[in-house]
Amino acid sequence: MAVQKVKLFTEAPFTLSLGGTLQDIEIAYQTYGELNKEKTNAILICHALTGDAEPYFADHSQRGWWQTFMGEGLALDTSQYFFICSNVLGGCKGTTGPSSINPKTNKPYGSQFPNIIVQDIVALQRALLTHLNIPRLHAVIGGSFGGMQATQWAIDYPDDVSNVINLCSSLLFGAEAIGFNHVMRQAVINDPNFNGGDYYDSQPPEKGLAIARMLGMLTYRTDLQLTKAFGRATKAETEFWGDYFQVESYLSYQGKKFLARFDANSYLHLLRALDLYDPGFQYESLSAALARIKARYTLVAVENDQLFKLTELQKSKKLLEESGVDLVYYQFSSDYGHDAFLVDYAFFEKKIRLALANQD
C-alpha cells in the first residue's frame with residue numbers, strides 16, 4: 001500500500017518550540033494491522049535520523065528498514081497490533097520539511113524553514129493520532145533518534161502511552177557525538193553548492209552530503225565489524241588518492257547512495273534536533289520531566305555503540321531510576337554497534353516481545 005498523506009493545521013498554525021510557526025503541514029504515514037474495537041492495541045513506531053514512514057512492506061516488494069522485525073508472528077506482530085509510523089517533521093520523505101513548498105512563497109522553504117526540535121516532532125505525531133482518532137497508545141517504540149521521540153512521548157503525554165521502548169538512545173547526546181554531527185554539518189555547509197540552503201533551483205551540495213554520510217556510517221558501525229568485512233583488503237583496481245582499500249570503496253558507495261534518497265537541509269535540521277534534545281526542555285528540570293513518566297520504560301544499550309556510548313546509556317538508566325520510572329534495562333555487545341537495533345533481530349526479539357506484553 002502506498003504511503004498515506006494528510007494535511008493538518010490548515011487553519012490555525014502549528015507553533016514551534018524555538019519560535020515560529022508552520023501551516024498546511026503535510027504528514028506522510030503508514031499503518032499496519034488492524035485497530036481493535038477498544039483501540040487498545042495501537043503502537044507508534046518512531047524512525048531514526050534518516051528513516052521514513054515505511055518500516056515494513058507486507059508484500060515484500062521492497063525491504064523496509066525494519067523488515068526483519070515486523071510481520072505476522074514476529075516481534076512487531078502485525079496480526080496482534082496496529083502500527084502507525086510517520087515521517088518526521090523536517091524530513092524529506094513526504095512530511096513537510098525544508099524541501100517542501102512554502103505556501104507563502106510557492107517555493108521550497110530552503111533557508112526559511114524554521115528550527116525544530118524533538119518536542120515539535122512528537123507534538124505533530126500527537127496531532128496525527130488525534131486526526132486518526134487514536135486517543136491512547138499501547139506503546140511507542142524507536143531506535144536512536146526514534147528512541148528520543150519515544151521518551152518525549154512519555155513525558156509530554158504521560159496519560160497517552162502505556163509502554164516506551166527505547167533502543168540504543170540516551171536521554172542526552174554526548175559531546176563526542178555532537179562533535180561528529182558538527183563535522184558532518186560543516187561538510188555540507190561548506191560545499192560550494194550549498195548556497196545558504198537555497199539550492200533547489202540548481203545543483204545540490206552532493207559532495208558535502210556524501211562526505212557527511214561517510215563519517216556518519218563510521219559511527220553506526222564498529223571497528224570489529226569493519227575489520228571482519230574488509231580488513232586491509234584493497235580493490236582490484238586501486239586509486240592512490242581515492243578508493244584504494246575496500247573499506248574506502250564501501251564508504252564511497254554509501255555516500256553516493258545516500259544522495260538519491262535524502263535532502264541536505266533535512267539532514268542538517270535533524271542532526272541539530274538530535275544534538276539539542278533535552279527531555280527537560282520547557283519543564284522545571286530534567287528530573288521533573290522524567291518524573292512525569294507513567295509508562296513502563298524499556299531501555300536497551302549496546303556496549304560497543306560508537307554513537308550513543310554505553311556510559312551515556314548508563315547515565316540515562318540512573319536518571320530514570322532516580323526519577324521513579326518503572327524501568328527495565330538491558331545491555332549487550334553486538335558487532336553491529338549502533339545499527340544493532342536495525343539488524344540484530346536475534347537479540348532484540350525477546351526484549352521487544354516482553355516489553356509489549358508488560359513482562360520482565
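Even glycines carry a Cβ here, placed using N, Cα and C.
Since we're looking at a predicted model, the values are computed, not measured.
Listed features, source Swiss-Prot:
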ACT_SITE  S144  active site, nucleophile
ACT_SITE  D305  active site
ACT_SITE  H338  active site
BINDING   R213, D339  substrate binding site
DOMAIN    41-344  domain 'AB hydrolase-1'
Candidate with the highest Cβ count within 10 Å, taken from the recorded positions R213, H338: H338
Neighbourhood of D339 (substrate binding site) by C-beta distance under 8 A, where only residues 6 or more apart in the same chain count: Y220, R221
Cα-proximity to H338 (active site), 10 Å cut-off, over recorded positions S144, R213, D305: S144, D305
Other CB atoms, at most 10 A from the CB of D305 (active site): 28
For the residue listed as 'active site, nucleophile', nearby residues of its own chain (Cβ under 8 Å, 6 or more apart in sequence): A48, L49, L167, C168, S169, L307, F308, H338, F341
Rounded inter-Cα distance in Å - R213 (substrate binding site), D305 (active site): 17
